[in-house]
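K.L.:
For reference, TrEMBL lists these features for the protein:
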type     : residues  : note
DOMAIN   : B:61-203  : domain 'EXPERA'
TRANSMEM : B:32-52   : transmembrane segment
TRANSMEM : B:64-85   : transmembrane segment
TRANSMEM : B:119-142 : transmembrane segment
TRANSMEM : B:149-172 : transmembrane segment
TRANSMEM : B:184-204 : transmembrane segment
């Protein structure tokens, strides 16, 4: 592929990225994306069915939110957790699905293969803190816990902060980590966009609910007087 | 200082950090810290006095929180804002106070002088978003706004997330950016610690208040039935 010897042969941009022992991915893109979509549909379907059997009847939006939190929680823990704790995924020879995912995603952002410290920091916080807390949120919504909205806002703000750091650091470093415009827009822009607009909507919704709860509290106090 | 020519002579660690045109700081450490402490005491005192004159009587803890938000807001906007938008502060020859602050702080963390992209991303979010929102919080507490607690939690979580990225990226890159243990512990550890324990306490307090507000709401609903 290039003249620098077999050790650094990889498809990623920038081409001078040093990845000794790189082993090319063998699973096709459609296979990788297909398995992820299929597994996600199962997680979402099971959550939807389960949420319909909760004793206290839940609203449609609460049930949809439970599906989101189950999906994002599982993604954070399994997919992103694997990345954080597998520094040598690009050397994997076993065609393990999770290392193939990150070999594929690195085509849209080579900083993953390069183990950029900003990426690891953000993914570490996401996988270790936000992942388990997302699953806790599924339980919190089902039980109508008093901390449900504030927990949803806390995780969503974390997702938004992480995505902001993700994009800002890339722009500051030249925004040139994708193999082609196709990978740039499909992986780097489109795939991440779900963790921008969904958390934004959840923060707005929770914010309104919390403000309304305080207005109720104030009304109650003024009635007492 | 070293044999690599005048362009890269600087006191920071690592010594091979390239800072062409570096101009050493001329204001002493005690002067820099003294001015910051003095200015902060004035901001805090004025906020404390002003908060005592608000029409609706505020609790002592609310008044203390207003002092914190005024102090941290001014620090984010002026001190950190200057850093974000002054890429060449280490070349400044005018002994401008704010560039001297960052020449001094870089002794505890040279990534500031090196303009590490993770640092700029975190400081950018802090200065541009969290700074103005901190000042809005002073107003929100004074007017007992229904969004007061959720706003305080949102900014505090942002400060905690930023500090986490700050320390994690440093550890991943070898944690070797301070000139000496003195600067490591006084600047890098001690100065930043305020943005760990104070936001943590604010999140815990706000979290409890929000949960209590939802419990009031639930009680009100069950009475209606």
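Using N, Cα and C of the backbone, Cβ positions are placed for all residues, glycine too.
All annotation found in TrEMBL is predicted automatically rather than curated by experts.
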K.L.:
Could you give the residue numbers and ranges of same-chain residues that sit at least 6 residues beyond the transmembrane segment (B:184-204) on either side and whose C-beta is under 8 angstroms from one of its C-beta atoms?
P.N.:
65, 68, 72, 104-105, 107-109, 152-153, 155-157, 159-160, 162-163, 166, 170, 177-178
K.L.:
In the domain 'EXPERA' (B:61-203), how many residues does DSSP put in helix, strand and coil?
P.N.:
110 helix, 0 strand, 33 coil
K.L.:
Between the transmembrane segment (B:119-142) and the stretches B:32-52, B:64-85, B:149-172, work out which stretch tops the count of Cβ pairs under 8 Å.
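P.N.:
Counting Cβ pairs under 8 Å, the winner is B:64-85.
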K.L.:
Mean pLDDT for the domain 'EXPERA' (B:61-203), as a whole number?
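P.N.:
Per the prediction, mean pLDDT sits at 97 for the domain 'EXPERA' (B:61-203).
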